[in-house]
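Student: So TrEMBL lists the following for this protein:
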SIGNAL    1-17  signal peptide
TRANSMEM  27-52  transmembrane segment
TRANSMEM  64-87  transmembrane segment
TRANSMEM  99-116  transmembrane segment
TRANSMEM  128-146  transmembrane segment
TRANSMEM  152-172  transmembrane segment
TRANSMEM  214-235  transmembrane segment
TRANSMEM  256-279  transmembrane segment
TRANSMEM  285-302  transmembrane segment
Amino acid sequence: MVGTALSVLSISLLALAGTGVPLTSQATVVALLQALVSALAMNVAIVGINQLYDIEIDKVNKPYLPLASGALTPAQGLAIVVVSSVVGTGVGLAAGSPPLLATLLVSLALGVAYSADHPLLRWKRSPVLAAACILAVRAIIVQLGFYAHMRAAVLGAGAAAAGAVGTGVGAAKAAAAGAAAAASAASTSAAPAGLAGGLSGLLGWLTASYSPSVLFVATFMLFFSIVIALFKDIPDVLGDRQAGMRTLSVRLGEGAVFRLCVGLLAAAYCWAMAASLVLPGSLPARAALFVGHALLCGLLLVRSRAVDTRSRAGLADHYMFVWKLFYAEYLLIPLFG
C-alpha cells in the first residue's frame, strides 16, 4: 500500500514538471486524489485475488497472510476483492479520465490472469507470462498511465493526452463490467474481456508524446520489475515445488537466480548513473541522481554479498530489501523532470 501510494505521488510529480502548475492547485489535488484512491483500492483487489487462489501455497510459503492463517475466511476475502474492485473502477469512471480508467482496468485484468486458476489463466505457472504481467503493470502501465492522467488533468485535453481523449468513457464502461466480474472470480472469461476493453484506452495514451526522461524512467523500472518478478519466487521454492509451480528458481536453483537478479539490478543502476549525465535537467538534480543511484547500487552489492542463498529466511529478508530499493527509486524519479 505504501509503495503504491509512493509510486502514484512520484509519477504525478514527474508529470507536473515543466507545466508551471503548482502541486497545490485544485486540478492537481483532485487528479492526485483520484489516482491515489483508485490505485490503492485496485491494489487491494489484485493482492486479494492472488491470496484467494494461493491459500494452500501460502500455508507453506507465507502462513502469516490473512487467508492462509485463517484470520479471514475465503468468503470474507472475496467480499473485500469485489468491494475494492468496484470502488477502484467507480473512481476511475467518475474521474472521466481514460488514461486512469485504462490503467485500472488493464491492471485488474492482468491481476486476474496472473492468479485465477481457470483455463487459459493462472499465468504465474509460466515464468515468462508471470514476468510479463508484473513488467506490464509495474514498468509500463503504472508509469505511463498515471503520468498521462496527471498531464491531462493539469493541461486539459492537449498534446500530452491527445490519443487518450478520443477513446471515450462509454467504451471504458463496457470494459469495466468485464473487469469487475473478473475480480469476483465468478467468470473465467472476464479477464480477457476486461483486458480487451482496457486496451482500447491504453492504446490511446501510449501513442501520446513522452519526454526522453519519462521514457527512461519507464525503461529503468522495466529492468527493476524484471528483478522483482524473478526474485519474488526465490524464497518460495519449497512451496512452489510442492505445488508443481515450475518457476525459474525451481528450475535453476536459488543461487543462480539470486546472482542473476543482483547483476541485472546493478547494471540498471549503472545505466541510470550514465543517463543522469546526459538527460536534460538542472545540474543539482543530475548530481543528486548520479550520487543517489551510486549509493543504492553500493548498498545492493554490500547487502548481497552477505546473503546465504541456502537460507530461506535470508532470501526473504533480502527480497524485502529489494522492495525498499524499489521504493527509494520513487524518491529519485521526480528529479528526472
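Glycine residues also receive a Cβ, built from the backbone N, Cα and C atoms like all the rest.
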Student: Against the transmembrane segment (64-87), which of these stretches has the most C-beta pairs under 8 Å: 27-52, 256-279, 285-302?
Tutor: 27-52
Student: What residues elsewhere in the chain lie close to the transmembrane segment (128-146), defined as a C-beta under 8 angstroms and at least 6 residues from its ends?
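Tutor: Apart from its flanks, the transmembrane segment (128-146) reaches 7-8, 11-12, 15, 35, 39, 99-100, 102-103, 106-107, 110-111, 113-114, 202, 205-206, 210, 214, 217-219, 221-222, 224-226, 228-230, 247.
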